[in-house]
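Enquirer: The structure that follows is given in the form of structure tokens.
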Amino acid sequence: MSKPINVYSTPDLRQTLDEALPDVFKRLNYEQSFKLIDTKLIIGYSIAVVAAISFLLDKKLKFEEALLYQKVLVGSYAILSAVFWYFNNYIEKGVKYTGYSKEKAIVVATKMTKYDYNYQVTLRNEAGSVIKTTLPANTVFDEQGYLQTDLLFKWFEEKLDSFYKKAK
Amino acid sequence: MNLRLELTRFLNLCFALASAFMFWKGLSIVTNSHSPIVVVLSGSMEPAFQRGDILFLWNRNELNKVGDVVVYEVDNKEIPIVHRVLREHVDETSGKQLLLTKGDNNAGNDIPLYAKRKIYLHKEKDIVGTVKGYIPQLGYITIWISENKYAKMGLMGLIALSALLSNE
């Protein structure tokens, strides 16, 4: 199934857990919404395209000939980068999963600080109520570094249950 | 679907290359010079500059003074030359400045180096920039990289690898 990871590396832990979220919520009968990820990819790849055009112009034309285009390109690169930064820090804000089922919706944001194995999870539902909780990563990884998806699934199932009970 | 995951990872690689290139382009627009940072390749300006020194150029000044160290390019030769302005005069009709240069360590002036039958440089057309600052010796790395294609490939590979492997 999954590959073993180095459980002493915080970024590895976070990434593996983040990437496991879609499967967990699929089992919980949620359908993933890709709006945030797609927006991010579109902004990101337009930055890459701008840089690529600039690079090609630099190869094809002389400096003076391309100067006007390059000014426009460097300007748009700066603006797009600012938009990307804003999107990351103020709109996405660590949201790793967005999903919905019949009348429910769920937004999952996660965070992990360096040298800390606690996976900080923020759940928000369609009504806007929020619950913050912590998953110690050592409870869902085994010693070899394999993620125990069943344990992770159960943990989320429990949390969601109590979350919806509380919300009611 | 994992396509989005792969695209996100590839985007990080694009960002690493794009930001380096766009920073360079931005710098060249600000300084109005097609290569705002050059490395000294010969000993013709010793003892002022040695092979391997990194020079920072500025090309927004309208006129050069005698004694300025300038970088120029001769038509059809891609190698920038770093030499000192020996004489200057301004054409009364066109208002354009003409320069004669010489390497501090050379016996004679640069007329033999100029393009055919030229006995001076055009400040506007031929000058890449005026030297405003330098870092001694550090440019040896770039000399080594540009003269050794394996070093070049190795460096590109290193940038790509570090972008792929770091997931902080």
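Backbone N, Cα and C define each Cβ position, glycine as well.
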Enquirer: Please identify the range among B:46-57, B:154-165 that Swiss-Prot labels region 'C-terminal short (CTS) helix'.
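Expert: Checked against Swiss-Prot: region 'C-terminal short (CTS) helix' maps to B:154-165.
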Enquirer: Least buried of the active-site residues B:Ser44, B:Asp110, going by other Cβ atoms within 10 Å?
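Expert: Ranked by other Cβ atoms within 10 Å, the active-site residues B:Ser44, B:Asp110 bottom out at B:Ser44.
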Enquirer: Over the topological domain 'Cytoplasmic' (B:1-12), what does the predicted model average in pLDDT?
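Expert: Its mean pLDDT is 83.
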Enquirer: So, by DSSP, how many helix, strand and coil residues make up the region 'C-terminal short (CTS) helix' (B:154-165)?
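Expert: Taking the region 'C-terminal short (CTS) helix' (B:154-165) as a whole: 12 helix, 0 strand, 0 coil.
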Enquirer: Report, in whole Å, the straight Cα-to-Cα distance of B:Ser44 (active site, charge relay system) from B:Asp110 (active site, charge relay system).
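Expert: A Cα-Cα distance of 11 Å.
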Enquirer: Cα distance, B:Ser44 (active site, charge relay system) to B:His83 (active site, charge relay system), nearest Å?
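Expert: Cα-Cα, rounded: 8 Å.
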